[in-house]
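*Asks:* Encoded as structure tokens, here's the structure I'll be asking about.
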Amino acid sequence: MDDNKKKALAAALGQIERQFGKGAVMRMGDHDRQAIPAISTGSLGLDIALGIGGLPKGRIVEIYGPESSGKTTLTLSVIAQAQKMGATCAFVDAEHALDPEYAGKLGVNVDDLLVSQPDTGEQALEITDMLVRSNAIDVIVVDSVAALVPKAEIEGEMGDMHVGLQARLMSQALRKITGNIKNANCLVIFINQIRMKIGVMFGSPETTTGGNALKFYASVRLDIRRTGAVKEGDEVVGSETRVKVVKNKVAPPFRQAEFQILYGKGIYLNGEMIDLGVLHGFVEKSGAWYAYNGSKIGQGKANSAKFLADNPDIAATLEKQIRDKLLTAAPDVKAAANREPVAEVEEADTDI
């Protein structure tokens with residue numbers, strides 16, 4: 001850059017700082033690039049698929065899938081992991097369907113969990129914005145976007161047409177709260193439902209509710225599906241679950257993780273660690289027997305997972321070994337993610 005351009009740039013930067021305050025414009029090289037802090041999902045495989053060891057703080061995340069696929073269970077697992085780190089969490093229950101007893105079984109400290117059951121979509125999003133701006137909340141879950149019903153629709157007649165109201169509400173709210181979420185370093189998770197588009201001949205007819213705004217503003221989008229049943233004899237005790245990272249602004253997307261959700265217990269982490277340990281050479285498998293560090297830990301996956309549950313120190317060591325091996329490339333990705341600007345999107349006029 002020649003001297004005239006340097007002087008012009010210095011003058012412009014000086015004027016910007018006087019008008020908007022120090023730090024309004026900064027050089028990326030003046031400060032060390034820090035890794036994006038993440039909150040574990042409670043699933044080791046999903047943490048690895050996300051590339052940074054969990055869901056990114058200071059960002060919006062969307063989790064969507066069919067009914068009974070594990071959406072709420074996954075978000076409650078995130079809250080449980082965050083609370084273990086001393087985080088303060090809130091649950092905006094627009095569906096009015098949160099079960100405190102089930103949340104407690106998944107490890108959530110329900111006594112410390114902030115819960116809101118708003119009457120309208122505007123109220124839910126306003127409460128979310130106020131919680132974010134308090135700078136005191138680390139994780140907020142909104143369950144769900146489909147239940148964020150605009151006030152005009154609630155007060156109207158049952159058969160009235162309200163085209164695009166929910167989409168406009170989401171677009172306006174996300175424009176308002178995105179910057180606040182980044183400043184507060186708060187993770188906001190929106191749970192969403194699936195609808196079918198009519199008349200689609202090619203491609204998937206599936207879409208999510210609430211318009212297109214959330215798709216743009218979300219840094220991470222997770223598609224969660226139930227792929228089968230976990231059985232003990234003839235009794236169904238859980239679900240085989242697959243989560244695909246459909247969008248990821250902080251690491252490479254389109255990775256996926258498969259794990260089990262056990263009814264009344266949540267994500268089967270110890271079973272995941274056995275599978276990943278065998279896959280990456282930390283756990284040896286010979287026939288039906290599993291061994292770790294040369295010592296047999298159990299016959300069959302269930303007994304080996306029980307050994308890890310009974311020996312948390314060994315489980316923590318194995319988990320750290322797996323994370324250290326599979327998340328070594330994450331810092332470069334995280335640094336690159338910090339350079340991404342937040343995109344402004346056009347308001348979605350229709351709910352598609």
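Using N, Cα and C of the backbone, Cβ positions are placed for all residues, glycine too.
Checked Swiss-Prot, it gives:
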type	residues	note
BINDING	Gly65, Pro66, Glu67, Ser68, Ser69, Gly70, Lys71, Thr72	ATP binding site
*Asks:* Are there any residues in the same chain, six or more apart in sequence, whose C-beta is under 8 angstroms from the C-beta of Gly70 (ATP binding site), and if so which?
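*Replies:* Result: Ile224, Arg226, Ser239, Thr241, Ile261.
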*Asks:* Of all the binding-site residues given, Gly65, Pro66, which residue's CB has the most CB neighbours within 10 A?
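*Replies:* The residue with the most neighbouring Cβ atoms within 10 Å is Gly65.
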*Asks:* To see if you understand the setup: which same-chain residues, six or more apart in sequence, place their Cβ under 8 Å from that of Lys71 (ATP binding site)?
*Replies:* Ile63, Tyr64, Gly65, Asp143, Ser144, Ile191, Ile224
*Asks:* Based on Cβ atoms within 10 Å, give me the single least packed residue among the binding-site residues Ser68, Ser69, Thr72.
*Replies:* Ser68
